[in-house]
Amino acid sequence: MGDWSFLGNILEQVNEQSTVIGRVWLTVLFIFRILILGTAAELVWGDEQSDFVCNTQQPGCENVCYDEAFPISHIRLWVLQIIFVSTPSLVYFGHAVHHVRMEEKRKEREEAERRQQAEVDEEKLPLAPNQNKGNNPDGTKKFRLEGTLLRTYILHIIFKTLFEVGFIVGQYFLYGFRILPLYRCGRWPCPNLVDCFVSRPTEKTIFIMFMLVVAAVSLFLNLVEISHLILKRIRRALRRPAEEQMGEVPEKPLHAIAVSSIPKAKGYKLLEEEKPVSHYFPLTEVGVEPSPLPSAFNEFEEKIGMGPLEDLSRAFDERLPSYAQAKEPEEEKVKAEEEEEQEEEQQAPQEEPGVKKAEEEVVSDEVEGPSAPAELATDVRSLSRLSKASSRARSDDLTV
């Protein structure tokens, strides 16, 4: 039958990268198929054609009848079955080896980068002894079925299942599941219907049933492995959202921070201080009593409540009303003083004699102040020249 050691060595490596059920399947393949096929089955079918005897002397009739009874030998059919069933495993093994090599190269690159980083860290800060022994020095490979490797594994199981079913169905249509001791043949060049006899029919039937049971067990293991992987994938997909929900930490609402409670460092200012101030008169902070708001400023406040603050620069003057009104009384006072000075200059030459008399009377009244109580009731003093210019009571009406 030849040497099966090459295929056995490859399948042993596939065994390292399979699931538990896949390893059981490989055990069934090795022990109950390859081993039995290489030892016992060859001896049973060794004399198959030589012991096939027909009751005719017609040349070639016996060979034609054997070809009709056994279009392909059982042993060769089972060898083809083993090869076809093992081919998906070989394809998966090639992909797994490629995946493992790529992972090894990636780990080597990461290890090189880690060593370079460790050397840089040692130059900056030397490590304590036994600190960098956390990594696994053995480099043991932890095999995991995930991603493309898992998909390849499932596909190779599906193809194995299809090949198993195909060979079982093919064997049934070729031979059936029993070997009859008598086979009737009427194929040309046989002169008539010829009786042919098969050697060891019972023993061959037992081997056929045994190999059929092994194929059924292999098919069952394939179906169980596919179901196991699919259920495992579904459970992982259902478990992932629950883990994500458990891993999510509920966010606590951030409380508002009062700006006044934050200590401000010297030379820095808080961004919250740039918000618009709630009052408009900075003089109140110094202790000056604020004056009542003018009508224009009331309109300003009403317009603030009506619209957004962005349009204030367009609707109103940029100057605050308080500062604008603080300058207007000063200008009015200066103008009033200038008008009074002009009136005084015009009336000065006309009122000089009267003013002198009034001043003399005032001086005499002051000298006689305690002795003239009757004159205090009625003030007959003439108005000063400044009092004539304005009707308001002024502090400089009396000259001391």
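Glycine is no exception: its Cβ is also placed from the backbone N, Cα and C atoms.
Fair warning: this is a prediction, and the values are worked out from it, not measured in the lab.
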One side of the membrane in Swiss-Prot: SER18 and CYS196: no
Phosphoserine according to Swiss-Prot, picked from SER313, SER364, SER391: SER364
Second cysteine of the disulfide that Swiss-Prot assigns to CYS61, among CYS190, CYS196: CYS190
Cβ-Cβ under 8 Å with the topological domain 'Extracellular' (178-205): same-chain residues at least 6 beyond its ends: 44-45, 47-48, 51-56, 58-62, 64-66, 68-69, 74
The topological domain 'Extracellular' (178-205) - residue tally per DSSP class, helix then strand then coil: 5 helix, 8 strand, 15 coil
Other C-beta atoms that fall within 10 angstroms of the C-beta of CYS185 (disulfide bond): 19
Within the compositional bias 'Basic and acidic residues' (104-118), residues counted as helix, strand or coil by DSSP: 15 helix, 0 strand, 0 coil
